[in-house]
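Undergrad: Here's a structure for you.
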Amino acid sequence: MPVSTDIKGAKVWQLRNRNQTLIRWGSYLAAVAIFMWCWQRISEATTWFFVWDAPRIAADIGGRAWPPRWSYMDKLWGPLWDTFNMATLGTVMALFLAVPVAFLAARNTTPSTLFIRPVALFIIVATRSINSLIWALLLVAIVGPGVFAGLMAIALRSIGFCAKLLYEAIEEIDEKQVEAITATGASRWQVMTYAIVPQILPAFAGISVFRWDINIRESTVLGLVGAGGIGLQLQSSLNTLAWPQVTLILLVILFAVVVGEWVSAKVRGAII
Amino acid sequence: MTAVALDDRIGKAWKKPPLIANPALRWTLFIGALAYVVLAVASIDVNWSRVAEGLSRGWAFVTAFFTPDFVSRGGDIWAGILESVIITITSTVVGIGLSVPIGLGAARNIAPLPVYLVCRAIVSLSRALNEIIVAILLVAIFGFGPLAGFLTLSFATIGFMSKLLAEDIEEMSKAQAEAIRATGSSWLQWINYGVQPQVMPRLIGLSMYRLDINFRESAVLGLVGAGGIGATLNTAFDRYEYDTAAAILLIIIVTVMALEYLSGIIRAKVQ
């Protein structure tokens, strides 16, 4: 604890010594400078006239968007069903692919730490860091527009997420149970079924429901790039400036998201 | 000893108990799930000839990952990435700056009921709205450009950080906070010395995590005109320039990996 003496000879207690204080203020200065530079770049790229005009535009759009056009609901049931399917089937598919990846990535179950684990980790990072909209963009170019592209996009994006959480759960298991099963002379597969799987099953169920909830949110916007679901309707309504329809679609999406979150919270509460 | 008696003594082989004990419930769930999958798969019409046609393009994309082209659109890629980084930094800073007071307000053990309800409403709204939808609305209001992206991600950061911060504050140890209160501290001192030290490590960890998320999200905001690398990526896909697209995706992946590594180090240091 640095103590300095002032002019009168009294001791003054300080939290940090001089160098630590200097470094601290230097880093604050650098951080503020970086932030201000970034802000300046944004400011240069912005047409400020539009920003000052924004309240009027917002009021204008708001006035045109209300009330929502309820009769449009007839055309939304189909896309809503598609959206739900994309999220659910996409999650199921992702789980099928994520389980083997997770077992290959976990330090205690991987067959080879040197060769296979890095590959599995790369799959996890690569699928996780690419947003589902980008996956959808890519898959629309490959398999054509439609629900199938959206489903694949959701599945591919979810692999990394599920596999990451799952392999962390596998690494945290209690080794004693594994040892006990191994001591009975069990094979590798039997150890997995009777020692590892029962321990990660609650985590697995929690992860699947959690990801399903996220996927409901994500699948609502995939239609913006042509991958099916309610986003297609949103895109066409936006393109034709049909704001009352946009309001209705946003309300439906909000409702779907809230229901998804409620279901996921209930299920997770029941499991854990 | 007869054979029957021996069988009786040995008993039946052990069978793994089923996951759901009640057979009626088990079969209902199983058949229900099966029926749903059949219905759902039937409602997806896949144009297989189109898929077969696209497979060569898919393969071209996969091979493009081994020959990424950083150069021919180098200027666009660099400008896009820089804009993404700028949006990420500003929105994370502003978002966290705003989510601290809202997080304090959304913690039931600190805030009075009216403040709590208002802050919780902001958090729920921010969490329920998808980033892309917010971006579309903000682009319509503020015009194209990084400002809309910055506002979108700041808004999204508020929902994420405030909720987790509020939950952390609600779980804090009351004893420390009360000890500071007992010294006759003001409200601000109480927050600064009683609450803040307890939640700070987690707050730093979450901030790093949010920085990571914001970078990933900033890569798609360009699709709806809110600035960043997304616009370049979209153009590359539209023109079937898979080698450029692969280069952009590789940059995103490497940056996310680097950020994750960095946040791992920082989190290990503060905790």
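Note: Cβ is positioned from N, Cα and C throughout, glycine not excepted.
Annotations per TrEMBL:
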DOMAIN    A:80-264  domain 'ABC transmembrane type-1'
TRANSMEM  A:21-42  transmembrane segment
TRANSMEM  A:84-106  transmembrane segment
TRANSMEM  A:118-142  transmembrane segment
TRANSMEM  A:191-212  transmembrane segment
TRANSMEM  A:242-263  transmembrane segment
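Could you place these features in context, so I can see how deep they sit and what lies close by?
TA: Not one residue of the same chain 6+ positions outside the transmembrane segment (A:21-42) places its C-beta atom under 8 angstroms from a C-beta of that stretch.
Within the chain carrying the transmembrane segment (A:84-106), a Cβ under 8 angstroms from the stretch's Cβ atoms is held by residues 116-117, 119-121, 123-124, 147, 150-164, 166-167, 170-171, 192, 208, 211-212, 215-216, 218-219, 222, 227-229, 256, 260, all 6 or more beyond its ends.
With a cut-off of 8 Å between Cβ atoms, the residues of this chain six or more beyond the transmembrane segment (A:191-212) that come close are 87-88, 91, 94-95, 103, 109, 158, 161-162, 165-166, 169-170, 173-174, 177-178, 180-182, 260, 263-264, 267-268, 271-272.
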